[in-house]
Amino acid sequence: MAKAIIAPSMLSSDFANLASEAERMLNCGADWLHMDIMDGHFVPNLTLGAPIIESLRKHTKAYLDCHLMVTNPLDYVEPLGKAGASGFTFHVEASRDNWQELVQKIKSKGMKPGVSLKPGTPIEEVYPLLDGENSVELVLVMTVEPGFGGQKFMPEMMDKVRTLRKKYPSLDIEVDGGLGPSTIEAATSAGANCIVAGSSVFGAPDPAQVITLLRVSVEEAQKRS
């Protein structure tokens with residue numbers, strides 16, 4: 001059974017105090033730190049890149065779960081590997097032609113390869129990346145349009161999670177977008193085990209309480225399944 005992983009999205013943190021925000025999240029019980037890397041092209045927003053990952057790495061041993069919302073993910077493998085990224089999740093829409101080479105390179109740099117898909121992309125598009133010899137180890141189902149924090153959760157995306165969990169019982173299935181106390185049940189009952197949460201954690205009076213609630217929801221859903 002895939003273990004419960006709670007990954008606060010650092011996109012919602014105070015960027016001026018990234019190291020202390022990372023430490024605060026880990027002290028609140030976070031398993032991973034989710035890092036949104038956007039190029040201003042694949043998505044309109046522009047966020048952090050390899051130099052920031054490298055500088056944060058000097059202050060933490062945490063698993064840095066990097067989500068690449070970029071047009072050319074291959075260009076980022078070398079710099080992110082050097083910077084100390086732990087996971088490298090690219091978009092299926094940006095890698096239809098070269099995903100095998102991409103996965104191989106990610107693994108060669110010691111990072112965990114993952115694939116993500118936008119809300120409008122059918123779940124079937126990720127199957128070749130899971131069924132081949134050189135497979136990814138995580139699927140990130142976007143429950144909002146990628147590119148901006150604070151959007152509303154799309155419950156209809158949970159059909160993708162259900163389909164994936166049925167087909168791949170032990171896969172790490174991550175969900176990102178609009179996750180918090182009011183939406184977590186929909187995600188975990190569908191089979192998600194890895195939860196990315198931004199504003200619902202960082203904006204909470206007690207982030208540790210929210211992280212615990214998210215984890216308990218995953219564990220309870222797994223007991224029921």
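Note that Cβ sites are derived from N, Cα and C of the backbone, with glycine treated the same way.
Among the features that TrEMBL reports, substrate binding site is placed at Ser9, His67, Gly147, Phe148, Gly149, Gly150, Gly178, Gly198, Ser199. For Gly147 (substrate binding site), the Cβ neighbour count at a 10 Å cut-off comes to 18, with all displayed protein chains included.
The feature divalent metal cation binding site is assigned by TrEMBL to His34, Asp36, His67, Asp176. With a cut-off of 8 Å between CB atoms and residues at least 6 apart in sequence, the same chain places Ser9, His34, His67, Ser116, Leu140, Val141, Met142, Thr143, Val144, Val196 near Asp176 (divalent metal cation binding site), listed in sequence order.
The active site, proton acceptor annotation in TrEMBL covers Asp36. In this view, Asp36 (divalent metal cation binding site) is surrounded by 24 other Cβ atoms within 10 Å of its Cβ, with every protein chain counted.
Marked as active site, proton donor by TrEMBL: Asp176.
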All-chain count of other Cβ atoms within 10 Å of Gly178 (substrate binding site): 22
For the divalent metal cation site built from His34, Asp36, His67, Asp176, further residues of that chain with CB within 8 A of the site's CB center: Ala7, Ser9, Leu11, Met35, Asp65, Cys66, Thr89, Leu140, Val196
Among Ser9, Ser199, the most crowded of the binding-site residues [Cβ within 10 Å]: Ser9
Tertiary neighbours of Gly149 (substrate binding site) (same chain, Cβ under 8 Å, six or more apart): Ser9, Leu11, Ser12, Asp36, Gly198, Ser199
For His34 (divalent metal cation binding site), the number of other Cβ atoms found within 10 Å of its own Cβ: 29
